[in-house]
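Asks: Pulled these features from Swiss-Prot for this protein:
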BINDING   S45, T66, Y257  substrate binding site
BINDING   D146, T174, A205, S206, R207, D231, G256  NAD(+) binding site
ACT_SITE  R207  active site
ACT_SITE  E236  active site
ACT_SITE  H253  active site, proton donor
Amino acid sequence: MLIVADENIPLLDAFFQGFGEIRRYPGRSLDAASVKDADILLVRSVTKVDRQLLEGSRVRFVGTCTIGTDHLDLDYFAQASISWSSAPGCNARGVVDYVLGSLLTLAELDGVALAERVYGVVGAGEVGGRLVRVLHGLGWKVLVCDPLRQAAEGGDYVSLETIVQQCDVISLHTPLQRGGEHPTWHLLGPAQLAQLRPGAWLVNASRGPVVDNIALRELLLDREDVHAVLDVWEGEPQVDLQLADLCTLASPHIAGYSLDGRQRGTAQIYQALCRFLGVDEQVQLADLLPRPALAQVELDASTDPAWALATLCRAVYDPRRDDADFRRSLSDDPQLQRAAFDQLRKHYPPRREIEGLAVRLRGESPQLAQLVSALGGALV
């Protein structure tokens with residue numbers, strides 16, 4: 001059996017060497033010739049997998065180690081009887097950590113209390129749903145927009161217009177859909193952006209085209225009170241340099257790039273392939289994850305909760321490091337800039353998740369205990 005895989009998928013050998021030969025290629029360079037003789041294709045979001053890539057090949061299973069599937073032509077897969085799997089939720093915690101770190105930075109810049117802001121989460125799937133649970137656990141006011149879940153479940157969902165008009169913070173977590181009943185391409189365009197509240201914060205860690213980047217650039221040129229945090233970009237790895245300069249925080253599509261999340265994505269595709277082949281799993285992710293460099297933090301029960309929140313989040317992740325690295329990589333030469341974008345992702349340093357952090361409290365503090373629980377840490 002021949003497996004063709006994106007070279008940047010972690011733990012390829014550990015999970016897949018027992019199935020046969022593995023050939024690695026840069027994800028953006030995969031073409032029909034590369035996959036012609038493959039039985040299994042393993043990709044990330046940078047590879048468009050469609051008829052043009054697969055027609056005439058032996059591929060019968062496609063696995064993408066990502067949450068999103070907008071790079072997969074699922075209609076063609078159905079026509080060609082090609083099985084597939086994504087990795088839903090694999091990096092959800094990493095994205096939540098990214099958002100929390102960004103909020104802490106913006107709060108310090110504006111001198112505001114996070115607990116006093118109104119949060120709007122657009123898209124309540126694996127990532128957005130987890131973020132909502134964390135924010136609710138912290139006791140913060142959250143409005144949620146998800147028309148698909150609202151139609152299926154009912155509940156206290158609100159419209160996008162309500163989010164834009166009433167929320168101080170908007171965090172986007174939708175898949176990219178260009179058509180259908182609820183398209184998300186340019187979900188936030190000129191009309192929506194013009195309605196942002198004074199001092200609004202906008203975070204996009206979903207897909208670049210969910211926000212009209214040109215319209216956002218024009219808004220930021222006109223309104224210095226608005227903060228934008230962008231991890232995803234229209235046309236990436238090409239980046240609008242002026243827009244990047246106007247963003248308060250900017251990064252190269254790494255919000256979900258925690259070590260745990262990336263390896264969890266590989267593990268989920270391995271499990272799906274085992275089911276497809278009808279074989280038992282022989283490898284477990286828990287046996288492969290290294291011990292975190294920082295495994296435990298100790299807090300006194302008298303610790304200020306706001307300080308504790310910042311300390312715990314930044315003990316695990318601080319987006320300002322990624323922002324600085326990204327800005328240093330930007331270049332007026334489009335070819336150099338695209339290459340730098342991919343290199344930052346390829347050589348991204350190990351980053352763990354807050355759910356792997358143990359917290360010991362000296363004394364009793366129900367408020368701190370609730371904070372740790374909301375973040376997903378473990379009280380010991």
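Glycine residues also receive a Cβ, built from the backbone N, Cα and C atoms like all the rest.
So that I understand the layout, could you describe where these features sit and how close they are to other parts?
Replies: When Cβ atoms from all protein chains are considered, those within 10 Å of S45 (substrate binding site) total 22, not counting its own.
Under 8 Å, Cβ to Cβ, and six or more positions away along its own chain, S206 (NAD(+) binding site) finds G123, V127, L172, H173, T174, P175, L176, V232.
Around R207 (NAD(+) binding site), the same-chain residues six or more apart in sequence whose CB sits under 8 Å from its CB are G68, D70, T174, P175, L176, T184, V232, listed in sequence order.
If you draw a 10 Å sphere around the CB of E236 (active site), it holds 21 other CB atoms from the protein chains shown. In the three-state DSSP scheme, E236 (active site) is classed as coil.
Just so you know, the Cβ of H253 (active site, proton donor) picks up 22 other Cβ atoms within 10 Å once every protein chain is counted.
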Asks: For D146 (NAD(+) binding site), write down the residues of its own chain that are at least 6 apart in sequence and whose Cβ falls under 8 Å from its Cβ; none is a fine answer.
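Replies: The answer is V122, G123, A124, G125, G128, Y157.
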Asks: For the recorded substrate site formed by S45, T66, Y257, name the remaining residues of the chain with Cβ within 8 Å of the site's Cβ center, in chain order.
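Replies: Close Cβ neighbours, site residues excluded: R44, C65, I67, G68, N91, H253, G256, R262, G265.
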Asks: Should D146 (NAD(+) binding site) be counted as helix, strand, or coil on the basis of DSSP?
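Replies: SS state of D146 (NAD(+) binding site) = coil.
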Asks: Identify, in sequence order, the residues in the chain of T66 (substrate binding site) that are 6 or more apart from it along the sequence and have a CB within less than 8 Å of its CB; answer 'none' if there are none.
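Replies: Listed in sequence order: R44, S45, S86, A87, C90, N91, G265.
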Asks: Find the longest CA to CA distance in the recorded substrate-binding set S45, T66, Y257; express it in Å as a whole number.
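Replies: Those residues reach a largest Cα separation of 13 Å.
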